[in-house]
Structure formats: C-alpha cells, structure tokens
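*Asks:* Here it is, the structure, as structure tokens.
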Amino acid sequence: MYLVAGGRGLAGCGHLSVSLLGLLLLLARSGTRALVCLPCDESKCEEPRSCPGSIVQGVCGCCYMCARQRNESCGGAYGLHGACDRGLRCVIRPPLNGDSITEYEVGVCEDEDWDDDQLIGFEPCNENLISGCNIINGKCECGTIRTCNNPFEFPRKDMCLSALKRIEEEKPDCSKARCEVRFSPRCPEDSILIEGYAPPGECCPLPSRCVCDPAGCLRKVCQPGYLNILVSKASGKPGECCDLYECKPVFSVDCSTVECPPVQQAVCPLDSYETQVRLTADGCCTLPARCECLSGLCGFPVCEVGSTPRIVSRGDGTPGKCCDVFECVNETKPACVFNSVEYYDGDMFRMDNCRFCRCQGGVSICFTAQCGELNCERYYVPEGECCPVCEDPIYPLNNPAGCYANGQIRAHGDRWREDDCTFCQCINGEPHCVATACGQSCMHPVKVPGECCPVCEEPTYITIDPPACGELSNCSLKEKDCVYGFKLDHNGCRTCQCKIREELCLGLKRACTLDCPFGFLTDVHNCELCQCRPRPKKCRPTMCDKFCPLGFLKNKHGCDICRCKKCPELPCSKICPLGFQQDSHGCLICKCREVPPSAGPPVLSGTCLSMDGHHHKNEESWHDGCRECYCHNGKEMCALITCPVPACGNPTIRSGQCCPSCTDDFVVQKPELSTPSICHAPGGEYFVEGETWNIDSCTQCTCHSGRVLCETEVCPPLLCQNPSRTQDSCCPQCTDDPPQPSTSHNESVPSYCRNDEGDIFLAAESWKPDACTSCVCVDSAISCYSESCPSVACERPVLRKGQCCPYCLEDTIPKKVVCHFSGKTYADEERWDIDSCTHCYCLQGQTLCSTVSCPPLPCAEPIKVEGSCCPMCPEMYVPEPTNVPIEKKNHRGEIDLEVPMWPTPSENDIIHLPRDMGHLQVDYRDNNRLHPGEDSSLDSIVSVVVPIIICLSIIIAFLLINQKKQWVPLLCWYRTPTKPSSLNNQLVSVDCKKGTRVQVDGPQRMLRIAEPDARFSGFYSMQKQNHLQADNFYQTV
C-alpha cells in the first residue's frame, strides 16, 4: 500500500486472505506511511469460518476476521497482522540493539496478566455459529453468523416463508396496482360527499359518492293565505333527496278538470344532474325536467411516468359533453447518439477512458473522472482505465512461481483486475494488489456503474466563497460599453477596464481538458468553447471559384455546394411560436410572425410597452428578470410571483431583486416560480391555451404555454406616507391633501426638477422610481414617499408586477355561489321578478322571495291596472302619458329630438326614487302628479348666462397672459406624459400634438417627439384652483 493524498480507500473486504497477504508483502517492501481504505461494501466480505476463537473487525473496520490466538503474530503496521482474542494481548519484544519501539513491529499474542480484582465480573462470551432468517423489506433474508445472542426471528427458512405468506395474504402487494383516477363529484345541496376508501384486501379505493343528507331537507313555511302543497315526492337520489313543496293560495285554480300531458322521466348522463320539478303557470301540471352539468366535475388527468395527457374531444358545457376528454399517450423524449448507440434521458455512457457523459434533453453533458495523487515511483495505467495505480518493481528471477487467484493460474508478472477498484499483479507466486487512487473535488460525487472512482457532475467552485467586491466607483463605463465584459483583478473583482476579445476567448478555454479531434465549437464572438465539434460528414472538396461573403449553401447531407448564401445568420433570442418574419430579400428578421386570419379569431397587432421601457411585438414572450411575460393584444401579461410581506414601514425593491425588502435586510428573497396547453389557476380551475379570464376585479389573466400570466392596473404615484386601501379600488389611495407649491414662487418662470440620472420633471409632476416609492417635483425640489405594506394572513402572498405590496389571492377569488330557480341560474345578489307582485333575490345560494302586501282601499269598486300588483281606486289612477318628442337646439344650433321618459307611478315599487329630481318634484303619495319646480325659469337663465361669462373670462385672461409671455394651460385631453431629455438650463414644455418642446435662452427653438417612458406614471398637477389645469400640460407662448 502507498500513501494517497485525499484518497478514500482500499482493502479490508473481498478475498481477505489474498488481500492481507499482498498487503503485508507490500508494506514490508516499501516505506509506506498511510493506509488507504475503500468505501465499505459488505457484499464482498467473506464470512470467517472455523475460527478457533471469536471474530474481530478487519483493519479497515468493514469485514470480520478470526481473532489471533496464543503465540500467533499480531499488530504490525496499522494492525495488518490481526488482533488478539479475548484474554490475550499483543506483546512486542524490544529490539536487541536498543532501538525504541515503533508502531510497525509485529507482536505475539500472550495471556494477559489479570489481577484478581480485575477478573471479578468478567465472563467471556461463548460465541457460536447461529443460522436463521429474518423478514427484511418484504423478503426472507437468511444467513449464518458467529455471535453470542441469536439475532434471527425464525430458525428455518420454511418458517420465515410461511410467516411472509400470511402477511401477504392479509395485505396485498399494491406496488404494481394501476388505479383509475376518479375525481370527487360536486354534490347537490341536499346531499353530502362520502370520500372513497380502499376496502381490506384491495389496493384501489372505491369512487367517492354523494348520499342524501336528511338534515339538508328544510321545511318550507308559507305566508298567511297560502298552503304548503307537495309537488314531487323524494326519490332518495342526490338532487331528489327532499320532498318538494310549493306555496299555493288557498283560493287557487281548480285543477280537477285539467288534464296534464304525460311527463317522461329524464335520464341524465353521468356528468350532469336532473333539475327540480317546475309547474305550469296555473300550478296544475308539472313541466319536463332538464339536465344540467355538474359543477366542479371537470379535472385534469394524472398520467403515469413516461406519458402525457392529450385532449381527445373538447366539451361544450352541455350534458354528455360537460368536460374535455383526455387520454394518456407516451411522450417521445429526445435521445443522444454516440457511436451509433442511442441513449435516453438520464442514461450515462463512457465517451473514452477518462470522460463520462449523461444524456439530458437530447444533449450529452460530459465530465472528466477525478484521479488522486500517487506517492510512488513506479505506476501504470491499466488497460481501459483512466487513473493510474502503483506497482512494485519486478526483479529478474531464475525460476519464478505462478499465482493461483479466483480459480485461475497467473504467471509471474501478470496483471488482472480484482474488482472495480482493486488491481493485482503476480510476483513470484504471491499476488500483490493495490487500489486505484481516487480524488474528490465536489460535494456530491456520482458513482458510475462498473467504475471505481466517482465523477463530479457539478462545478467545483461551489465550495469556494465568492470574492467580496464593492461597487465600482468613479467609473463611467456601463455594461453596454464593454461588449466582452470587464477585466478582473487578482481577487476576481471588476476593474474599470474592458476586456478584449482575446482575453475573453482565453478564459473560455483555460480550464478545458477535452481533446477534440474535429475542433471546438465557437460562440457568437467566434471564441472556442469547451465543447467538441461533431464528426464532420464525409463531403467532397468544393471546387468553386465564387467569393461568398456569407458562406456557401449546404445540401441535405450538410456539405457545401457552389451557391452563395443570401442571408446572414440570425442572432435572435425571441421565442416566436409561428416563426420569424422575412425582410424584402427573403431573409429572416428578429420579429415574430403574426397569426394568419384563417387560423382563428382576429388578434390585435398592437405592441406592448413594458414597465422597463422596452417595446415588444404582439404574441412575443420574454423574461424581465423576475417573471415570465407575454404580449397579449397590446397588454403586458406577466406571471404572479410569491413574495413575503416586508416587516418595515419603508420597503424598497433593490436593483436586481424581485421582491420588496427592508433596508437592513441582507437576505435576498427569491420568488417561487407544466404541461403545455393547460393552466392551473390559483383558484383551482383549469384553463386551456389562449383562454382569458378575470382572477379578481383588478387582475385579468391568460393561459400561455402552460403558465398563468396576468395583467393588472398601473397605479399612479402615492404622495402620502400611509395610503388607505379599499375593497372597491384596485390601487391604494391618499386621504391627505397632496403637497402644495409655495405661494411665494415666481410663476412667470417655470420650475422643474432634475434627478441623479439627469431626467427632468416639470413642476407638480409625479412619478414612481420603483414600485414602492413615489416622488413629486415641488418648488424645484424632489420629495419622495415610501409605501408601507399591511400584514397578511395567508402563507403564500402573491405580488403583481408594478405593485409594491404582496396580497392574499384567496381573499379576492370570489366564491361562485349561484341560485337555481325555475330552471334558470342566477348569480349571487341578483334580483328578478316572478310577476308584478313577487320579487326574488339570490343571497349566498339561498333564494329569497317577497310578495307585495296590498293596503286596504277606501273605494268600493277598485280597478286592476296592467303592470301593477295591487288594485287602486279610479280617482288614484293616472294614465300613462304619451311620449311626444320635444325639439331642442344643441350648442351648434342643430335640432335634436328628445323623447321624455316619464316614470309610471306605482304604490308597489320596492325601490322608491328620491322626491327631488332636478327641477321636477315627484310626489307619489300626495297627488301622483308631476309639477315643474319654481326654480325652472331661474335655471334656464343661469344655463345661458354662466357659459357666456366663462368664455369672456377665458378670452380676457388669454390676452393678459399673452402680453406677459406667461405659461397658460392648453385645453387638451390628458395623456401619459413624455419623458424629456437631459437638458442644461432650458425650459421644458409639452405640447399635446407635437410632443416635447424646448425653449432655449435665445430665440431658437428645438422640436423633438419623445418616446413615453413607463417608469413615469403620468402628470398629476397639484393646482386645485383650476380643474382644467389639473389634467393639462404646459406650453410656452
């Protein structure tokens, strides 16, 4: 054995007698100072037999060996000569020359000199060979060991098998059972769900079912004057568990002479249920029942490993076709090919003696074996192996002897492989065995079957702490300035210098050990990568005198032909489902192809302006660093991420992070981020590719590539410290008054603010530097406010893009509670009328109905008015007026016809209108007449005079301001402000039609149309005196 730095091991297992003999000879001939033990593999240990005494563990602590007896050798280097039995000790005689005793001398086992008090209570164990069996992992494991106590439960194997058979009869083997996936049905209100369970002796559970709940049957109470009449008897089936009663008047229609047509019993498919019985208008006959789809029945199938679900037929929501029908099909995974052999995903193969590869997604990921260091003068590399092993020098002998090992005779000098890690050599009749020296440079090495040394698949730098580099100060270079990256110092930190191409290429190949016979692959900078080029196809040399700047075309075999390429390579990182567009020369460009009109419904081709200021084409996908985003009909739809709520009052979203955090929080919170064509929404519902829905009142989502992407309202800046949040608003709002500019400011000279990045903002303009911070320009100074987040009660709050505070999605997902009445479905809180006297209301699944009570009338002969519930006296009835069109002139002098809509008075209206409606007074209770108010003439005068006064004031103000060359508001519609450029001592203005206007100190003017920047959420004026000024930009005159 030899010293191996960092090695894991040799010996102690396997053919112990041969190995120990070889080890003794090796240690005797060489100056060994370390013992290398392999990882313990007890399956290769041989049970010591016919031991005269007890057994002890070997030198490596893995296998057992016979203990040394009296007068037998013991000890030696690392105890390779064995340990003495109980009651004996290993005695080493001192050297005759007077040298000191080392740890490598061989001793002899002798009786221990025990004192009488030491022998008290010492009783040697009487070890015997005991055979038996135990049940381990569902199998009978039998064996024979030498021990003092019997560790076996069954003395014979037949007894163990009988016990195992009894266990198997009581509990079936469900490892290979294939159970049908069944979804729990949605039970009607009169029944409860009984979950399925596996009966004794079976593996698959019974299907869940609905059973009638007697407690769900409620007794119906009728109003005075009505009787509770049984309409249909309960059948005992879910949906028909309760007797159906209806309230009918005491003096109802006589049904004795009515002959009802026969009603056939409806047989509903398994995915639907039969609705309740309905009556005709007279209440004598029953109408045919209908079938409606069960809610919550549709689900997504779960396929076994190696197969994926595929839609066979799509459901349309009708009984029998309520849900989509799926089937599980085998998925075809990409394979890797090496030496004409196919390897599938996860398979590992050997590329050469030192390189191993694993197939991952059709790509071979290769890595190199890790060999340890050898401290020996002579070594060799066994045939077919990568790592070398040590060998002893072979001296010439006259009559060398052979070796007998593993049933074979080996000649002097022969080498052979004992196992994956042990290599032996025959030297003069004795086998000398050594182990391969393995190195380890990673945390989790992978064991390759048939190989000794494990290999490292992960990079080794994970065990090295990254350098603590500070920010690069006093450097004007940006990321875009250094195409090949920044230069690094000796600590691995950036310097204010750009790399050149040669330095970048050298770094990519510096640690590469691959020997590629056909060269290396190159990247976009034409630098060689540590990846081998595939074997080139056998192509004839091209005899062509053409000069092709873009290269030659290739045929179907990949060989060059004498035709020039007309298009350059397309370096594009976009993901386009329908491919790329072509330019006028027929070459591909980095733009996604639009959907043809015949492929489906028309899709808007508008572009998306993301919150980071980039434009994206319709149906384009990208990743903004935190979320997957998608441009859908001009809207930026991004995935919801899960973020914890910050505990401080002024959180912020730092550069390079996705979730809000506190200033003293150094732990970076990473957001938690399928099968294509199916999306599983947070509310538990499934949606297909391209389907759009509202997850709450503020968030619209769409299904794209198996991901739920959502678009939310962009909230304006919050110019207060503690905004309030209401349920009817998607954005938090400020209840305090916004900051006002000082009155002493000279309004003749417009003020503006400039931030650290050089952006210019107009006076009273507000913006959001990030999702948690809002700023405003007041008196040429920037004031910023930080939004604080309230605590939430859910475990996984989500964060919308562009917003600061996470919130609980469970609180916003409405519960779809509906009411079923007379064969119709009504939403929660929906009202409807059965007739003029009966009004119903849906409240949390309960149908509540009210009947109008008619008051007594003083007249003798009341009349019945059509559309009214209660009769009325003739003197109280007012006929409905005729709607005669009235001619009115609008502000342009044109004649408009206006048809007045007069209300119909009724004593039975549930919702009473206010008594004062503009210049008309409505009083139903007094005389049921409409009277013009006394102020009608005054309102007419005001409506004419006030606009004239306002117009004159505006004209006079305009003339006065024009003389002083002041700033005046433009009467234009509000729009998102444009981002001004960085200016020096210039006055900035915004024109509603022409864009950004700049006035220099001189008479010259510059005009430029500015691109909108999504970071600036709009112009929010602070001037409360003029409402027109609050929504307008300013222009110099």
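In case you wondered, yes, glycine gets a Cβ from its N, Cα and C as well.
According to Swiss-Prot, the domain 'IGFBP N-terminal' annotation covers 35-112. Per Swiss-Prot, disulfide bond is recorded for Cys37-Cys60, Cys40-Cys62, Cys45-Cys63, Cys51-Cys66, Cys74-Cys90, Cys84-Cys109, and the stated evidence type is sequence analysis. The domain 'VWFC 1' annotation in Swiss-Prot covers 334-391 and rests on sequence analysis. As annotated by Swiss-Prot, domain 'VWFC 2' applies to 401-457. According to Swiss-Prot, the feature domain 'Antistasin-like 1' maps to 469-498. Taken from Swiss-Prot, the feature domain 'Antistasin-like 2' applies to 505-532. The domain 'Antistasin-like 3' annotation in Swiss-Prot covers 539-564. Among the features that Swiss-Prot reports, domain 'Antistasin-like 4' is placed at 567-592, with the record citing sequence analysis. According to Swiss-Prot, the domain 'VWFC 3' annotation covers 606-663. The feature domain 'VWFC 4' is assigned by Swiss-Prot to 677-735, with sequence analysis given as support. Feature annotation from Swiss-Prot assigns domain 'VWFC 5' to 751-809. As annotated by Swiss-Prot, domain 'VWFC 6' applies to 817-874, with the evidence given as sequence analysis. For 941-961, the entry in Swiss-Prot reads transmembrane segment, with the evidence type sequence analysis. Taken from Swiss-Prot, the feature phosphothreonine applies to Thr1036.
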*Asks:* Going along the chain, which residues at least six beyond the ends of the domain 'Antistasin-like 1' (469-498) come within the CB cut-off of under 8 Å?
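*Replies:* Distal contacts: 504, 525.
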*Asks:* Which ones are near Cys45 (disulfide bond): of the disulfide-bonded residues Cys37, Cys51, Cys62, Cys90, which have a Cα within 10 Å?
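*Replies:* Those close enough are Cys62.
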*Asks:* Going by Cα-Cα distance, pick out whichever of the disulfide-bonded residues Cys74, Cys84, Cys90 is nearest to Cys66 (disulfide bond).
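*Replies:* If we rank Cys74, Cys84, Cys90 by Cα distance to Cys66 (disulfide bond), first place goes to Cys84.
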*Asks:* Who are the chain neighbours of the domain 'Antistasin-like 3' (539-564) in space, where the CB to CB distance is under 8 Å and they lie at least 6 residues beyond its ends?
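*Replies:* Residues: none.
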*Asks:* Can you tell me the CA-to-CA distance separating Cys60 (disulfide bond) and Cys51 (disulfide bond), as a whole number of Å?
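*Replies:* Between the Cα atoms of Cys60 (disulfide bond) and Cys51 (disulfide bond), the distance comes to 20 Å.
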*Asks:* List the helix, strand and coil residue totals of the domain 'Antistasin-like 3' (539-564) as derived from DSSP.
*Replies:* 0 helix, 8 strand, 18 coil
*Asks:* I'd like to know which of the disulfide-bonded residues Cys37, Cys51, Cys63 sit within 10 A of Cys74 (disulfide bond) at the Cα level.
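*Replies:* Final answer: none.
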*Asks:* Which of these disulfide-bonded residues has the least crowded Cβ, counting other Cβ atoms within 10 Å: Cys51, Cys62, Cys66, Cys90?
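*Replies:* Minimum Cβ neighbour count within 10 Å, taken over the disulfide-bonded residues Cys51, Cys62, Cys66, Cys90, occurs at Cys51.
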*Asks:* According to DSSP, does Cys37 (disulfide bond) sit in a helix, a strand, or coil?
*Replies:* coil
*Asks:* Mean pLDDT for the domain 'Antistasin-like 3' (539-564), rounded to an integer?
*Replies:* 78
*Asks:* Around the Cβ of Cys109 (disulfide bond), how many other Cβ atoms lie within 10 Å? Please give the count over every shown protein chain.
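*Replies:* Looking across every protein chain shown, the total is 24.
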*Asks:* For a quick check of packing: other C-beta atoms within 10 Å of the C-beta of Cys45 (disulfide bond), how many?
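*Replies:* There are 18 such Cβ atoms around Cys45 (disulfide bond).
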*Asks:* What is the separation, in Å, between the Cα atoms of Cys51 (disulfide bond) and Cys90 (disulfide bond)?
*Replies:* 18
*Asks:* Near Cys109 (disulfide bond), which of the disulfide-bonded residues Cys62, Cys63, Cys90 can be found within 10 Å, Cα to Cα?
*Replies:* Cys90
*Asks:* Suppose I define contact as three or more CB-CB distances under 8 A, residues 6 or more apart in sequence; do the domain 'VWFC 2' (401-457) and the domain 'IGFBP N-terminal' (35-112) meet it?
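*Replies:* These two stretches do touch.
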*Asks:* Helix, strand or coil: which one is Cys62 (disulfide bond) in, per DSSP?
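*Replies:* Going by the DSSP assignment, Cys62 (disulfide bond) belongs to neither helix nor strand, so it counts as coil.
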